[in-house]
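**Q** Got a structure for you, written out below as structure tokens; questions coming shortly.
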């Protein structure tokens, strides 16, 4: 079997918002890589046996900070690529000079490649459109480095060591705004580091199945199946590896999208023949949420009750030794809790660090090394439906945070119908995959309406659709008025409890994507 970790690249993180993008681009060219804090122990770096090292960008100023690349990075004899801050500290640590730029540079820029033979710019044209994001610049390269690219505002836009395979770029090749960024990453990983492109879905599936079998043996495994992307792919890979040793518990909270519970059972229990226990807990959730209007309180109640019900069902399964979870690599990175990290943790993750202290089951995380886009590709490779894998994100508490205030059965049913119409029309008009997330929100206020000759006094549905790359910021989707008119007419005519439909035109910031 191919060892997919045999050729790998180590990424040292200086706190850049783009560090995970670097890792994703390296993996896209077929090379495994991992991210670690810049101040990780020297012995770890040495024992990692990387074929190459990438130094990320960062928010600090090189000449104001004592944050530097570990000297061992430059002593191992492996290629090094410094990006933005990574380039600046590498040059400075080799006798160069960095100063604050007269003018910060954020956005697209044109760089001119001065030397491209057998370096990171191989096979690229002289003029390249790139993405800059820096306030400092290299003013003197020192005796060891030479300039291999320049731009109007950054005369030292890229450097190469005169005798060692060390390279630096002031711009960000990992972003999609740098038109040939992937080629630059590929040149470094494959041509300079001499990595073989072993990291692909076929090899990952083969490797994961072998590792799961080795880890689990003949033990039984329990998985909480939600119908979301991560747990669905975990179910598929575990079933492929250990068959009927897997038991999935699907807690139907009643707060899912219209008919979603039936769809989950159809895909996994009927189509894939996976052992799934469906727990109809709709009434328990409604009872627990009665009279509760505070969003945070609703989240806590839903989360705790979900765990309680899961535990009740798990206790009934004899000889279970493992609990499988859909933890993915971005969860691991963002929940690492590294005190030296300059990157801000945007949110806590339900998949990491939330396990009961008294849990006696061992933890199995087959997706722990994968980013979300890799998880989706893995799911396709395992035969899961495209529409299941590429659905818009859905919050853990479900419709519980899309119904403002108290949750009632009538409100849930109303929102499910309205939301389903919105989604159906997005698919019908080929708009669904052009936007990042779209859903309905139930507003517990009534509005006067007229249908035919009848006066109606019913509820309001807000439609929300956004476009985003990373969901940390988002713009509202500029959907055609004709389309919105069709959706609005259908909802008001087909959902009797709704008399008015509004469209949310708030970006993030200042708003959040979800209303609660």
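The count begins at 1 with the first shown residue.
Any Cβ shown, glycine's included, is placed from N, Cα and C.
Pulled these features from Swiss-Prot for this protein:
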type	residues	note
ACT_SITE	84	active site, nucleophile
ACT_SITE	172	active site
ACT_SITE	174	active site
BINDING	226, 227, 228, 229, 230, 231, 232	ATP binding site
DOMAIN	8-198	domain 'Glutamine amidotransferase type-1'
DOMAIN	199-391	domain 'GMPS ATP-PPase'
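So that I understand the layout, could you describe where these features sit and how close they are to other parts?
**A** Taking a C-beta cut-off of under 8 Å and a sequence gap of six or more, residue 84 (active site, nucleophile) has these contacts in its own chain: 16, 56, 57, 58, 133, 134, 169, 170, 171, 172. Residue 84 (active site, nucleophile) carries neither a helix nor a strand DSSP state and counts as coil.
Reduced to three states, the DSSP call for residue 172 (active site) is coil.
If you take the C-beta of residue 174 (active site) and look for same-chain residues 6 or more apart in sequence within under 8 angstroms, you find 18, 21, 22, 24, 25, 83, 181, 185.
Under the DSSP three-state reduction, residue 229 (ATP binding site) is assigned to helix. Cβ-based neighbour count (10 Å, all protein chains) for residue 229 (ATP binding site) stands at 22.
In this model, the domain 'Glutamine amidotransferase type-1' (8-198) carries an average pLDDT of 92.
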**Q** Give the sequence-ordered set of same-chain residues, not counting 226, 227, 228, 229, 230, 231, 232, with Cβ within 8 Å of the centre of the Cβ atoms defining the ATP site.
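**A** Going along the sequence, the neighbours come out as 225, 233, 234, 326.
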**Q** My understanding is the cutoff is Cβ-Cβ under 8 Å with a sequence separation of 6 or more in the same chain; which residues meet that for residue 227 (ATP binding site)?
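**A** 250, 256, 260, 261, 263, 264, 388 - these are the non-local Cβ neighbours of residue 227 (ATP binding site), listed in sequence order.
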**Q** Using Cβ atoms only, which residues of the same chain lie under 8 Å from residue 226 (ATP binding site) while being at least 6 residues apart in sequence?
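**A** Listed in sequence order: 250, 251.
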**Q** So if I draw a 10 Å sphere around the Cβ of residue 232 (ATP binding site), how many other Cβ atoms end up inside it?
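**A** Summing over all protein chains shown, residue 232 (ATP binding site) has 26 other Cβ atoms within 10 Å.
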